[in-house]
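Reviewing the structure listed below.
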Amino acid sequence: MEIRNICCIGAGYVGGPTMAVIANYCPNIQVNVVDINPERIDQWNDDDFSKLPIFEPGLAEIVKKCRGVNLHFSNEMENQIKKADMIFISVNTPTKVKGIGAGQAIDLKYVEASSREIAKYSEGFTIVVEKSTLPVKTAQTIKDILDAESKSKEKFTEKNFAVLSNPEFLAEGTAINDLNNPDRILIGGDNKEAIDSLVRIYTNWVDKSKVLTTDLWSSELSKLIANAFLAQRISSINTISALCEATGANIKDVALAVGMDKRIGKYFLNSGPGFGGSCFKKDISNLVYISNHYGLSEVAEYWQKVLDINLWQQKRFVELIVKQMFGTISSKKIAILGFAFKSNTNDTRESPAIYICRKLIEEGAILNIYDPKVSQNQINKDLKGCKEDLNVPNNNKKWTFSNSLYETFNDTDAAIFMTEWEEFQNLDWSTISPKMRKPAWIFDTRSIIKKNVIKKYGINIWQVGSGS
Ligand code: NAD
Ligand code: UDX
């Protein structure tokens, strides 16, 4: 079956970049991205390409080239679903906040809503592709919703569906490169015609040897497990960072030595403030939930530890910051460098900076926060309702937003490097040093600052995995 018209439900961090790349490589396919959030669609359609809702290197250039040609963003759910031969579900799948499984299970309400819209508006044979990360067996739920509609006698509809799983492995900050050069394309399903249609789209730019086809459940589960394995490496290296600090070893050397073993590999061995982002915590929590659901409590406990270590790393950072600063940070001014959960993104979801800033504010510190891509408005949302400032009408009192990297250090007692932005890696310390109140401290949670340079200016420095 030749695909001429694609609809993607969800114009977020996955839907937007993924569809932009498909449009770029498939000029004969019309790609329509729809979303229930009108503000987000307006941002995707903004003539000022710096105002796209997502900052991702290389994305604006593709949107500039394809938008209005074969890439379109709109709220026209009904129309676009009707026209589509293939529909990607790329909506958010957050952790449930209440009810059964709260804090662990995935809330499938947006997936279910999308499936109902597809069931209602689609016409003829439609291939439905799960792009969102979903608990294993979700395809059955989608199929049940779609089948109920196609079998509905009263409506005499001529519609039928094939459901495929095609999880996305892109990482934020490198999304366009990851989409252009994926390690693999995973497609799960049981309808050969539908699978072939999707394979044909990807092989416009991806070598066929990288396309792996499996059954639906293996595909759905593989995505969760890939994220779990990546996160597990981060928790592993973070436990060792503490051991290095205690023993005088250096985490960078240890990671290098360990990673040179081909069987281990060098990636995902950077110790830091713990993993953030919208995926790891949510997906591992879900893995814990699913394991318990199937009565596999040992499996659940094993993966729960990966999450526990992540939080432990953040807690121990707060404790050591307070301890190093003579046991109190009350009314002390602290610069926060970086608020995004990693560099090259404006995304702050589950960013370690949120937890750490909230705890510092609770201890009475006054923060001055700088991030090259995160807006003041976003930080405001993330730090809303901090304990310390519950009675303070103006939430900004406990933190200020800095537009200028160097001014962020003005009158501060300490600076904490939270995100590994490139612009933090070669700072002019002769300019910064006089701005800070002595004795001044640098806490480098990413190990990006050159220790010997800092020391020349009489500033104390603590780094993850090598200490002070
Ligand atoms: P997101 O929150 O950035 O975007 C989801 C979008 O879906 C939102 O704009 C929301 O308004 C829209 N939406 C929700 N319900 C809708 C509906 N019924 N109709 C139309 N639009 C609807 O989320 P994201 O980061 O793009 O993640 C999407 C999925 O992809 C999740 O399952 C996530 O786990 C997975 N994933 C994310 C990443 C990542 O790096 N962010 C990577 C791989 C996979
Ligand atoms: C992750 C997966 O990498 C990706 O394949 C999946 O599709 C979505 O989830 P993402 O969360 O966007 O991608 O970024 P990633 O690069 O994995 O980083 C996640 C977190 O781990 C960040 O907070 C990052 O700073 C941290 N991290 C990563 C480390 O602390 N050390 C590392 O060595 C690597």
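Glycine is treated like the rest: Cβ placed from N, Cα and C.
Summarising the annotation, TrEMBL assigns active site, nucleophile to Cys279. For the recorded site, Cys279 (active site, nucleophile), the DSSP three-state label reads coil.
Per TrEMBL, NAD(+) binding site is recorded for 10-15, Asp35, Arg40, 91-95, 132-133, Glu172, 279-282, Arg349. Classification of Thr95 (NAD(+) binding site) by DSSP places it within a strand.
The average pLDDT computed for the domain 'UDP-glucose/GDP-mannose dehydrogenase C-terminal' (335-451) is 92. Taken from TrEMBL, the feature domain 'UDP-glucose/GDP-mannose dehydrogenase C-terminal' applies to 335-451.
Per DSSP, the secondary structure of the domain 'UDP-glucose/GDP-mannose dehydrogenase C-terminal' (335-451) breaks down as 41 helix, 19 strand, 57 coil. When the Cα atoms are compared, Tyr13 (NAD(+) binding site) and Cys279 (active site, nucleophile) turn out to be 11 Å apart. Residues from the binding-site residues list (Gly10, Tyr13, Thr95, Lys281) with a C-beta closer than 6 Å to any atom of ligand 1: Gly10, Tyr13. With respect to ligand 2, the binding-site residues Tyr13, Asn92, Thr95, Glu172 contribute Glu172 as residues with a C-beta closer than 6 angstroms to one of its atoms, given in sequence order.
In the three-state DSSP reading, Gly10 (NAD(+) binding site) counts as coil.
The number of other CB atoms found within 10 A of the CB of Lys281 (NAD(+) binding site), across every protein chain shown, is 21. Local packing around the binding-site residues Gly10, Asp35, Asn92 was summarised as the count of other Cβ atoms within 10 Å of each Cβ; on this measure the leading residue is Gly10.
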